[in-house]
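Record features (TrEMBL):
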- B:55-78: transmembrane segment (TRANSMEM)
- B:98-115: transmembrane segment (TRANSMEM)
- B:136-164: transmembrane segment (TRANSMEM)
- B:184-203: transmembrane segment (TRANSMEM)
- B:210-233: transmembrane segment (TRANSMEM)
- B:265-287: transmembrane segment (TRANSMEM)
Amino acid sequence: MDGPEGLRAPVLECVDVGKRFGAVQALDGLTMSLGAGATGLLGANGAGKSTLLRTALGLTRPDRGSVRILGLDTVRERSEVRRRVGFMPEHPCLPNDMSAQDVCVSLARMRGLGRRDAVRRTSEVLFAVGLEEERRRPVGSYSLGMQQRTKLAQALVHGPDVVLLDEPTSGLDPAGREEMLAIVRRLSTELGIRVVASSHVLDDIERTCDEVVVLRSGTLAAQRPVLVGHDPSGPAELRVSGDVGSFAAALEPRVAPFGVSLAPTATGDIGLSSSPDAALDAVRDLAADLGVGVERLAPAARGLEDVVVDAMAGGTR
Amino acid sequence: MTEVDPRQSPRAVLHDIRYSRFAGRLQPRRSAVGSFVASGIRRPLGLRRSAGAKVWPFLLLAAAYLPALAVVAVPLLVPAVQVQPTDLIGYPQLLTTNSVVLLAFVATSIPSMLTRDRRDRVLSLYFATALSWVEYVVGVVLAAVALLALIVLGPMLVLFVGSIATADAPGTWFADNAGDLPRIVGAAALVVLFHTSLGLAIGALTSKRVFAVGGYLAVVLVGPTLTGVVAAVTGADWPLSLDPASGPIRLATTFIGGGLGDPGVLAWVVWVVVVVGGFGVLAGRYAKGGDA
């Protein structure tokens, strides 16, 4: 199992990784290091998410650069990678004529578990993903949500240190999606399994991951923690109607006692160094006194969505 | 007699089956491959599948074993019949009789061992988290060999064991005929390896089961016709050595006597080319360890 070194090593580390398929440059000098308990890979179609996951699993050999998962070289140490990594592909990958129980037992045995361990672990993972009642039915008779859960169960059955999930909510209805997101979140928070999940949907990543990585055209476009909420008294931006300069001059002495300083923003608005309630009250009162309209008063910190949209559209990191 | 304290001897035990990290000991890789082989044997036979999936393979198995069982059963059940099973049907005849069953079994089972995994798109799972490509190929080959041995070697072993059981002096009969055993195994190995290699190579070249089955049948059905025509035109026997259906049987019968004539060196060359080439195709197809 995961030793102390394995725990310290980054989940996934890429150094100048390049991979080309014919005319398409799927990965283009990708360099990054993922260390969070759960990391979400975001990107448009063709951004390189699936190629990155396949390269991390050793299914695709990079043209250049190196990829390490849990500190293991994915080309030279594939047997150890296979032992310590679980994988849930996006596409259907289960034999339709086998039951979920047989699929999991069979894969657990191939991954080196003894017969008794394989059966016990299968019961545990099928219970964990909510399939214990249906485990003996053929996979072909399952709903899409149940098939997704079976794929997740097989990824966990050998007790991996990290699981790579390729679009885990793909094709699920809203109820199935909710269930899958809850299970994925549990993996890193309760079960101690590190997760790398790719998705098109920012909301899925925000709800299940600690860090988000945005890929664009095979390169790293952004990497930042997923923040739950924001500081309500942090820096803010104020836009008012009328003469902005005179409003700022009048506002400055009113907010200075609260430790708030003003500075113009790049967009010509008034930037507040912080936004305690008293300072916001002062803004409101001054606007009322001068008969000025407050058009916008918002936190200056950019939200995750802004960062992701900018990154996917070609903005800076 | 001592009283058992019920507090120390619970009648039931609660097991916590919630998910936990696996901290057990992993088996050696040969055990994992053995499990893959067992799974590869079970699926074509329809084991742990619906009843319908068992019909065809067990029908063919019954057809393969029927001649051997019949000639063993008659002297066993009818004491008046004083004849050895091997006098009723010899090993070469049994091999020849079963050749049609063998071709049907190979066509419907062996190529699809590979096409099924690609149809189910399970290879990415195997190669990413379970097996190396070498383990996969070795596992598939061993499973195919075991399945075909069931069809080819099994009936001959039934005949051999049945002959011991029906002999007046079983010990003496075994001592006199023990030398047949390695020849039987050798003959079966020639046939099994040939069709394993051919069937798997064809299965490796396409992802569609129908093309794989059709391809194998085309080779073993069109081959004899072509070689027969060439033999008739040239008036020579050497083209018959190229026949993929009867070629390995002809080689095998040279091991166990009563053969179909000298197969010639060319038949051996064809056998080696098909077996080595087939396994080469298989290795080349999966050596990248991907699932394309």
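In case you wondered, yes, glycine gets a Cβ from its N, Cα and C as well.
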What stretch in B:98-115, B:136-164, B:184-203, B:210-233, B:265-287 has the biggest tally of Cβ pairs under 8 Å against the transmembrane segment (B:55-78)? B:136-164
Maximum Cβ pairs under 8 Å to the transmembrane segment (B:98-115) among B:184-203, B:210-233, B:265-287 is reached by B:184-203
Interface present between the transmembrane segment (B:184-203) and the transmembrane segment (B:210-233) (three or more C-beta pairs under 8 A): yes
Can you work out which residues elsewhere in the same chain, 6+ from the ends of the transmembrane segment (B:184-203), have a Cβ less than 8 Å from its Cβ atoms? 91, 95, 102-103, 106-107, 109-115, 140-141, 144-145, 148-149, 152-153, 156-157, 160, 212, 215-216, 219-220, 244, 247-249, 251-253, 255-256, 271, 274-279, 281-282
